[in-house]
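Swiss-Prot lists D200 with the feature active site, proton acceptor, giving sequence analysis as the kind of evidence. The ATP binding site feature in Swiss-Prot is assigned to L83, G84, K85, G86, K87, F88, G89, N90, V91, K106. The domain 'Protein kinase' annotation in Swiss-Prot covers 77-327 and is backed by sequence analysis. The phosphothreonine annotation in Swiss-Prot covers T35, T64, T232 and is backed by similarity to another entry. What Swiss-Prot lists as phosphoserine is S62, S227, and the listing cites similarity to another entry. Under the heading N6-acetyllysine, Swiss-Prot lists K215, citing similarity to another entry as support.
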Amino acid sequence: MAQKENTYPWPYGRQTAQSGLNILPQRVLRKEAVTPSALVLMSRSNTQPTAAPGQKVVENSSGTPNFSTRSFTIDDFEIGRPLGKGKFGNVYLAREKKSHFIVALKVLFKSQIEKEGVEHQLRREIEIQAHLQHPNILRLYNYFYDRRRIYLILEYAPRGELYKELQKCRTFDEQRTATIMEELADALIYCHGKKVIHRDIKPENLLLGLQGELKIADFGWSVHAPSLRRKTMCGTLDYLPPEMIEGRTHNEKVDLWCIGVLCYELLVGNPPFESASHNETYRRIGKVDLKFPPSVPAGAQDLISKLLKHNPSDRLPLAQVSAHPWVRAHSRRVLPPSAPQSVP
């Protein structure tokens, strides 16, 4: 018989609700690319949620069952194939039994989380991601736990990691890169408006939805900072901005640097400051030693150069990223912006 979930207090620090999100890294896992069977499963399930006999399915305006007000146990899910494996646990394709809604169930082992001392990162990921709702941000619907494991109920991104797609293609064309830049800019405008800094934008932390739309994931390094000023080192070396490697106070403008690095990597196939040693990478970042191969279009060079500025206050604002002539000329965004944008 399955262990009974949700009878034990949150094991890390102050107590948190045992299940439900209406009370309020380490890279953990990777997701595989979509398979035909998964697409069929989604088309049969997520487009037409059905209820168990005598059970009404409550949906929100987006057609997603309202998971945030329910308590869950592992017995509420049919578990499918693994989507990814990591040092803290695994991610599985899963279907909630009452609604037949397809999700990605991230199963984390408490022992591993405690061993690595990343309890605070997990808590931060849950508290931040659960309260973000944007078409280009991966949803965290709810969580629950038992004696040994913590379960995160996540939106399923059928086309998997942007990182794996980039590995397969080597580089992206202007249309795809510009579309990603517009999606990222819109999602980060939303995050920054809620005083959330992601701090770890990179291909491994970006997923692709059913129509290829971008989904920002992995908020383990992100922070909800009302002051929007931090001084801790985090993120991935190739994507770290000068103010972080120099130990200076940083704010939400670190994300502007990150999307500049990402834009370069998508078009070129490697990050702009990648070097044979960490010390050389640090040196190149500090000097903003930016060199473009001839293959990078002039418009993209202009955008990247305006984002990769040593002084954070000189970096191009997100609204101007969306409105940049190169982005406007090439972006073919699938989903509409979350709100009208204006260029300051």
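Each residue, glycine too, has its Cβ placed from N, Cα and C.
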Could you tally the C-beta atoms, other than its own, that fall within 10 angstroms of the C-beta of K85 (ATP binding site)?
13
Nearest-integer angstrom distance between the alpha carbons (Cα) of L83 (ATP binding site) and the residue listed as 'active site, proton acceptor':
22
Residues L83, G84, K85, G86, K87, F88, G89, N90, V91, K106 [recorded ATP binders]: greatest CA to CA distance in Å:
14
Please report the Cα separation of V91 (ATP binding site) and the residue listed as 'active site, proton acceptor' in Å, rounded to an integer.
20
Among the recorded positions listed here (L83, K87, G89, V91, D200), identify the one with the smallest other-Cβ count within 10 Å.
K87
